[in-house]
């Protein structure tokens, strides 16, 4: 889609960096976004060194994280950042006044309702995304955090331990947060601009200095020859992620603009290009659209790690891992051999949020409800709903194929390799087919695209579901298995 006249320098936030925007020819809203994240990175290092739990109280750390987060929001989004603060204060009122049995319901309805209203206004204000980084992004992250905390409060205060899954029991919050704790969790400078969403207990443990220590206690260090607990540094992880960020930025500046998604519905392209070549180009333009997400999410992860947040433990080789808040696994994405594997490694923290607030709690049709919530959370552009409704169909078809066919290809190495190659190709093309409307946004280009490729994935998925026997694991069975695992772990503890 062509940019509107003057779009490169338009922003809802500060115009301080307008000269830099004009010099580089990059939209000012994107310049502000990157500037805030880079400043947040520097602040995060300072925060970890000079405001560590051994040097500053939890209240000081909460206050610093909150004030800097508010400043970044105002710098990037100006008066529109008021939407963030209004939703935060309304939600704090709910968690303090609502009854525990309904706290998660009220919080969910208010947060998702407010977000949806802002999404609607965004269409009329920004005309299908003239600004690529506006206030709706942070509002989406805050909505995740509000609903996550509300559900975990409900689990911790309103439900018995035996009613919870092992994960719900581990993350359950036993008391309502103070105002400072709540503001810090929702508005801290590490995640206010680009996320990701994290669990409340993990964040509080980080502020109080228990975050790394808790993970280290899961390992028997005496057996490894240590006299005391090690002190893992995030510097190596941060440098590695900054390298990925730099490569992603270069790819974005060189590839993304040279391979626009709109070209796949260009009339001349459609008239002259054979079907298989169109599929190949679809893969190329989808790949070209990824670097901006790799850049934003990896930089956000690095910011949190630089502050000392995101330690996830030690792997089997004894290496310290800083991927608790990682939002993607690029290798697993690019080598995914199933639709499920691709989804699980893309926007990981959002997938975890959808699982915790919807999939694990839905009484029926958890897959369909989760995809619908994901679409609603992303916005009201028609393309989102084409993507997520198509995703439901392809997910169900892929599950049926895997359940009915995969075991035939595990008897020998050559068969398994052939199976992996075929499923990789099909998975990558299925993802490209599914996400194209997500980028196009509107109905007309989406229908034109699907017509140009003969709705082939829709038709194949429907045929698979009609012809192959379905052997799904029911939601109630999954819950029963989760409960058995929890009871088993309790009996072992005794």
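Easy rule for this one: first residue shown is 1, then count along the chain.
For all residues, glycine too, the Cβ spot is worked out from N, Cα and C.
Listed ranges 449-468, 469-488; the one TrEMBL annotates as transmembrane segment is 449-468. Residue ranges 6-25, 106-125 are listed, and TrEMBL annotates 106-125 among them as transmembrane segment. Residue ranges 329-351, 421-443 are listed, and TrEMBL annotates 421-443 among them as transmembrane segment. Long-range neighbours of the transmembrane segment (31-51) within the same chain, counting only residues 6 or more positions beyond its ends whose Cβ lies under 8 Å from a Cβ of the stretch, are 11, 13-14, 17, 20-21, 24, 60-61, 64-65, 68, 72, 75-76, 133, 189-190, 193-194, 234, 296, 299-300, 302-308. With respect to Cβ pairs under 8 Å, the transmembrane segment (421-443) is most closely packed against 384-401, considering the stretches 63-94, 106-125, 384-401, 449-468.
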